Ligand code: 3NM
């Protein structure tokens, strides 16, 4: 099983506060110690994503942070990312594995226990599970699954689970208590007044 960090940063450059710069916020978080990042910029075409992915690859290499690309296996290969993160509309993990090879990471988004089992059977290395709480970042996603469902999934899973959706420093201990191996966040890190302080707070609250 890969040795994964307890915090997984997911990007959405559109959520960066107006007075800040996306790559500078990312660099602050990487310098603070974020060890795994998913570039998730779903509105960009492959041609638009590539130059951004190359810039993020340079930064993640500088700070020894693992970088996964959301959905786009082609772009992940093009920038020599550490892996891909697959959603419900992506190619299945079995096919992704054939394309990117045995040494890359495959993450999969899941929303119920059946999806966790399916992702596991298909060779994903880890899953995100959510949305655990209400999240402004993905309001269209529907009702939160809640801590109880997360806990049930954590009791039955055989690969690492990251709780995702509405994770804040104050609910982080509950997510840990439910059995999650880690927490995944967009706004909790990217939109914080001080992203680096926020990262340290999450770390402290998760690894209590
Ligand atoms: N996927 P925040 S919830 C991208 O449940 C995403 O699969 C989800 O954003 C899922 O940390 C979500 O700002 C948004 O709540 C997470």
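Glycine is no exception: its Cβ is also placed from the backbone N, Cα and C atoms.
Bear in mind that TrEMBL entries carry predicted annotations, made automatically and left uncurated.
The 4-amino-2-methyl-5-(diphosphooxymethyl)pyrimidine binding site annotation in TrEMBL covers 38, 39, 40, 41, 42, 70, 109, 138. Within the same chain, residues at least 6 positions away in sequence whose Cβ sits under 8 Å from that of residue 41 (4-amino-2-methyl-5-(diphosphooxymethyl)pyrimidine binding site) are 11, 12, 13, 49, 52, 70.
A simple way to gauge crowding: the CB of residue 71 (Mg(2+) binding site) has 20 other CB atoms within 10 angstroms, across all the protein chains here. The feature Mg(2+) binding site is assigned by TrEMBL to 71.
The domain 'Thiamine phosphate synthase/TenI' annotation in TrEMBL covers 7-189.
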Among the binding-site residues 70, 109, point out the residue whose Cβ has the most other Cβ atoms within 10 Å, with all shown protein chains included in the count. 109
For the binding-site residues 38, 39, 41, 42, 71, 109, which residues place their CB under 6 A from an atom of ligand 1? 109
Fewest other C-beta atoms within 10 angstroms of its own C-beta: which of the binding-site residues 40, 42 fits that? 42
Cβ atoms other than its own within 10 Å of the Cβ of residue 39 (4-amino-2-methyl-5-(diphosphooxymethyl)pyrimidine binding site), all chains, total 28
